[in-house]
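Feature list (source: TrEMBL):
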- 21-45: transmembrane segment (TRANSMEM)
- 57-76: transmembrane segment (TRANSMEM)
- 88-108: transmembrane segment (TRANSMEM)
- 114-134: transmembrane segment (TRANSMEM)
- 141-163: transmembrane segment (TRANSMEM)
- 169-187: transmembrane segment (TRANSMEM)
- 199-219: transmembrane segment (TRANSMEM)
- 254-274: transmembrane segment (TRANSMEM)
- 339-361: transmembrane segment (TRANSMEM)
- 367-385: transmembrane segment (TRANSMEM)
- 397-415: transmembrane segment (TRANSMEM)
- 427-450: transmembrane segment (TRANSMEM)
Amino acid sequence: MSGTPARPVDLNYGLDDVPRPLASVGLGIQHVLTMFGATVAVPLILGPAMDMNPEQMAILVSSVMICSGIATFLQVRFGTRLPIIQGVSFAFLGPFFAIIAGTVAQGGDVSMQYIAGAIIAGSVLQMVLGYTGLFGRIRRYITPVVIGPVIALIGLALFQAGAPMAGGNWWFGGLTIAAAFTFALILAPRVRFFSLFPILLALLLAYVTAWFFSAIGVLTEGNPAYVSFDGVGDAPWVRSLVFGDGGIFMPWGWPQFSLGFILATLAGFLASMIESFGDYHAISRAVGKDHPTEKQINRGIGAEGVGCFATGMFGGFASTSYTENIGLVALTKVASRRVVYIAAGFLILFGLIAKFGAVVATIPQPIVGGLYCTLFGLIASIGISNVTRADLTSQRNLMIIGFILFMGLSVPAYFEGVEIHISWAEWIGDVITTVGSTGMAVAAILGLILDNVIPGTDRERGLITDDEIRGPVGETPADD
């Protein structure tokens with residue numbers, strides 16, 4: 001006991017504490033349930049866009065679970081060494097949709113091969129930025145003026161999919177939306193249980209209701225809300241440990257690399273790294289520590305790069321830290337690394353059980369559309385809230401933010417009917433077309449240029465706040 005560092009008195013379990021086995025398992029499963037709704041939402045969104053059949057959807061869902069477990073273990077063991085759950089990042093949806101649009105005619109397998117290639121290439125850059133310490137140096141050039149609109153566009157760029165998907169059967173799309181608002185905003189303040197799993201509970205309520213009406217014949221085959229378990233019986237119990245052909249390793253085949261797709265995906269990595277930077281500070285506060293050290297931050301970014309590399313190899317999507325699980329740590333006051341290791345183990349276990357993925361793949365599209373409307377509207381507002389750290393009375397900031405937000409929506413609309421052809425370098429035209437079709441990439445490029453070229457103070461750009469200027473007791477710190 002003498003060698004164990006003291007933990008803050010308000011924590012039930014500190015970083016190095018080991019809860020009783022049964023408690024550890026229960027707390028680990030709670031982490032999985034907390035991140036489950038957001039994690040399965042991404043394959044349920046992207047899979048249909050790639051015209052995947054139920055068997056492919058099952059593989060996609062289980063691959064995502066395995067990748068999340070691997071990335072979580074790597075982060076906690078070798079990264080920040082803080083209790084951070086890693087899961088699928090919504091920041092990459094825009095670039096991935098651009099990749100799918102350019103490859104879906106060749107089949108979902110091919111789309112996933114190019115997505116894997118873009119993730120692997122981007123993860124190498126992320127590892128370099130983290131492990132060399134470069135991320136800490138370039139962070140100054142990425143301000144709320146840039147990152148706020150980029151995050152907002154993660155949600156806004158998908159506006160064309162929300163209502164059309166939910167509208168396949170508005171009874172169930174609407175039920176999902178109503179349940180999410182009820183659990184998150186009405187019941188959560190009164191009952192702690194609802195504050196932990198609002199999205200998951202909304203998903204389960206709508207799904208069980210759709211299954212019930214399908215079972216009694218009210219919903220029939222062909223109705224978008226109909227629940228069919230035909231694909232579940234055909235799915236194997238355990239994923240095969242082979243390369244390709246639906247196995248655990250490279251289930252979609254060898255990754256393929258396209259410079260245009262890679263550059264478009266880098267915008268997702270940019271948003272993901274900035275989000276993780278904030279999460280590292282949040283989890284440090286939750287476990288009773290000071291701000292994370294620069295070394296911790298760089299290790300964390302590097303470990304996320306390794307995790308993303310693994311997700312590319314195992315057929316999933318790029319991962320990032322999950323804010324909702326940081327909230328769970330703060331709520332339960334359980335900071336034990338052992339608990340998060342167990343959560344990572346359960347994620348991998350659920351991914352290895354092929355029938356688990358097959359069941360998740362039966363969730364009807366209108367319910368997924370309802371999740372679209374709630375989750376991505378929330379993401380857009382989170383991006384807007386990030387902007388408030390900058391000075392919104394500044395004409396400079398208002399012009400830059402408004403311009404890059406508008407162009408992030410408008411430029412992709414222009415590229416819907418345009419292809420750039422350069423006879424002497426066709427690949428350059430492909431790069432321009434792909435990047436121009438991705439709103440996040442457009443906003444990131446324009447924002448980085450304008451915000452760093454047009455003069456502005458650190459306070460104006462949101463690099464420091466009024467509280468930091470005043471200091472802890474209202475005093476202005478001396479200039480460095």
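Including glycine, each Cβ sits where the backbone N, Cα and C put it.
When the stretches 21-45, 169-187, 254-274, 339-361, 427-450 are ranked by Cβ pairs under 8 Å to the transmembrane segment (199-219), first place goes to 169-187. Most Cβ pairs under 8 A with the transmembrane segment (114-134) among the ranges 88-108, 254-274, 339-361, 397-415, 427-450 are made by 254-274. It is 339-361 that, among the stretches 57-76, 254-274, 339-361, 427-450, forms the most Cβ pairs under 8 Å with the transmembrane segment (21-45). Listed as Cβ neighbours of the transmembrane segment (367-385) (distance under 8 Å, sequence separation of 6 or more from its ends, same chain) are residues 37-38, 41, 44-45, 48, 90, 147-156, 158-159, 161-168, 172-177, 180-181, 199, 202-203, 206-207, 210, 225. Note on the transmembrane segment (57-76): residues 35, 39-40, 42-44, 46-47, 82-88, 112, 231, 235, 239, 246, 248, 251, 300, 303-304, 306-308, 310-311, 314-317, 319, 321, 337, 340-341, 343-358, 360-361 of its chain, located 6 or more positions outside it, place their CB under 8 angstroms from a CB of the stretch.
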